[in-house]
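Look at TrEMBL and you will find 25, 27, 246 tagged as Mg(2+) binding site. As annotated by TrEMBL, active site, nucleophile applies to 25. Annotation source TrEMBL lists active site, proton donor at 27. TrEMBL lists 220 with the feature substrate binding site.
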């Protein structure tokens with residue numbers, strides 16, 4: 001059972017000696033939309049100076065690795081090579097090419113980041129952009145389907161429409177067509193407002209309901225992103241790796257599923273009250289959401305480094 005202890009000075013030396021690699025979630029940990037989380041740059045620099053390996057891992061599929069590397073630079077962080085960034089857009093392309101040895105075309109419900117990663121892997125696709133309802137219902141029976149499509153990949157898509165769900169489910173009526181989802185993030189609520197942003201999980205659930213098929217999910221809390229990391233960076237040892245995240249439903253259970261140490265920061269989605277609730281539960285599923293340690297933010301992690309050096 002995870003302790004969910006506040007990481008304090010008395011734990012710090014043993015804590016920092018227990019890992020060689022740190023996986024950082026991005027939004028809510030390193031930045032908030034387009035603003036640095038205070039202290040993030042300094043903390044990353046200090047961790048790097050300790051000789052630790054830093055890797056960034058995100059469920060966000062709207063950007064490619066190259067686009068994420070550019071964002072780090074634009075926000076004033078030290079340059080990050082794309083090979084140290086693992087996002088679900090990359091995972092989708094990697095899975096199709098490396099696992100499935102995919103031949104054919106993808107029907108893609110997704111955005112530019114996925115398009116770029118598929119293109120980099122030499123995978124052809126169809127589907128991005130608006131696809132609104134036109135005509136009357138009986139005409140929909142004659143919506144053209146591309147006979148070369150051998151996989152459906154579903155991700156976040158601001159242009160999601162009834163017709164896109166229609167096409168995806170129709171392709172998936174052939175059981176030999178692969179069904180891949182990037183992540184199941186349900187929503188983001190903006191504190192202080194009534195605004196709720198539906199996530200990728202809403203779109204995937206619509207498609208799987210229509211298709212009567214279950215997708216393979218690649219993002220956190222599933223372990224495929226860590227499999228990608230270990231294939232790409234052979235030196236990463238799960239017993240010597242720390243996962244730092246802000247989400248008790250994705251980051252922390254991902255760490256637990258992969259055998260990693262876990263640290264929750266309270267600058268994003270989840271709260272300490274939620275962690276305590278899961279800690280008190282007798283459910284194994286809930287226990288996987290409990291971190292080993294927590295801190296108010298990444299800034300305090302950097303301050304602890306100063307105290308042990």
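Backbone N, Cα and C atoms are what each Cβ position is placed from, and that goes for glycine too.
Predicted automatically and left uncurated, TrEMBL annotations should be read as such.
Shown on the structure are the features that TrEMBL records.
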residue: 25; record: Mg(2+) binding site; Cβ contacts under 8 Å, 6 or more apart: 56, 57, 58, 243, 244, 245, 246, 247, 251, 268
residue: 27; record: Mg(2+) binding site; Cβ contacts under 8 Å, 6 or more apart: 33, 58, 60, 246, 268
residue: 220; record: substrate binding site; Cβ contacts under 8 Å, 6 or more apart: 57, 59, 183, 245, 247, 250, 251, 253, 254
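Every protein chain shown contributes to the tally, and the Cβ of residue 246 (Mg(2+) binding site) ends up with 25 other Cβ atoms within 10 Å.
Listed in chain order, the residues near the Mg(2+) site other than 25, 27, 246 are 26, 28, 29, 30, 58, 245, 247, 251, 268, 269, each with its Cβ within 8 Å of the site Cβ centroid.
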